[in-house]
Amino acid sequence: MSQSASGIVNIETSSGGAVDSFADKLSGISADFRRWDVRRVEALLDLPFSDLIHRAQLVHRQYHDPNGVQLSTLISVKTGGCPEDCGYCPQAARYHTNVENQDMLTVEDVIAAAAAAKAQGATRFCMGAAWRGPKERDMKSVVEMVRAVKALGLEACTTLGMLKPGQAEQLQEAGLDYYNHNLDTSPEFYGEIITTRDYEDRLDTLQKVRHAGINVCCGGIVGMGESRRARAGLIAQLANLDPYPESVPINHLVQVEGTPLHGTEALDPLEFVRTIAAARITMPKAMVRLSAGRREMPDAVQALCFLAGANSIFYGDKLLTTGNPEAERDKALFDRLGLHSI
């Protein structure tokens, strides 16, 4: 295994064979910074379902409250008109979707939304903007939003695209807790989904965030037509970031009419659960977030995801421009499963 100057890890070989012995599996639970290659992650995904979930649950219980789930709320502070060509995204200007462009929200709008989220039990408030990256004129408003969210006693997170030099430091000085910038998929499958920015661009922004002292929120999307090996490649890339992200959102593709990925063959729900389990095993201390796609998931599938190690969700009826389960449905599910918010 080797790593390029750009940060993409060459993770095709394994020194330990396809699957470690059972004793190695157990001893490996406490090894926070093991190196994971694609073959080892794929071997995890290939395990019998009960064995995989059992292993993930052991890891989860060692590092986390098994019945605690963080509630986060995500809003769009600038909607539509994005110049990128991400094949899953209804906010791309080149696709004909029902998303209406919206200028930047005011700080007052964000304060009202954050206060409502806190009243509903959210502890983290995330703000997303549809653009390639923030211009300097945008940063003043974003910094004010971050400070306002922090003043309410919430964790603040932003997802603003690619950052220029110095912008991460501005966000850190404002008190930003987390910056989200997903890898989306494996390096090998990436070109099938996005062509307007490359993998190295994403890694460069993550490096800027780390150097500024901000926690990293980084995950991906599954169900985009990728192979199991590509899912293993995504997890391996995330797990081999140094250090791995503090927060790992695993999104299920939400198919939106008008985007290139609309009509993609649906992913087996158990394959999604397997991906959650692999994320938990390979990144034991991270918060693994069950993210987009929950509205379409049966409660039983979500329950399996929590069993597999998910311990964070987006809470509220909307994620940027796509739907999310209603708060009352989530509360009822938590009651049925004996879960509590953290």
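Backbone N, Cα and C atoms are what each Cβ position is placed from, and that goes for glycine too.
The domain 'Radical SAM core' annotation in Swiss-Prot covers 67-294.
When other Cβ atoms within 10 Å of the Cβ of Cys89 ([4Fe-4S] cluster binding site) are tallied across all protein chains shown, the result is 24. Under the heading [4Fe-4S] cluster binding site, Swiss-Prot lists Cys82, Cys86, Cys89.
Neighbour density for Cys157 ([2Fe-2S] cluster binding site): within 10 A of its CB lie 24 other CB atoms from the protein chains shown. What Swiss-Prot lists as [2Fe-2S] cluster binding site is Cys126, Cys157, Cys217, Arg289.
Within 8 Å of the centroid of the Cβ atoms of Cys126, Cys157, Cys217, Arg289, where the record puts [2Fe-2S] cluster, the same chain has further Cβ atoms from Ser72, Leu74, Arg124, Thr159, Tyr178, Asn180, Ser247, Pro249. A Cβ within 8 Å of the Cβ centre of Cys82, Cys86, Cys89, the residues given for [4Fe-4S] cluster, is found for these other residues of the same chain: Glu84, Asp85, Tyr88, Pro90, Gln91, Ala92, Ala130.
Counting every protein chain shown, the Cβ of Cys86 ([4Fe-4S] cluster binding site) has 20 other Cβ atoms within 10 Å. Here the Cα atom of Arg289 ([2Fe-2S] cluster binding site) is found 21 Å from that of Cys86 ([4Fe-4S] cluster binding site). Looking only at the domain 'Radical SAM core' (67-294), the predicted model's pLDDT averages out at 94.
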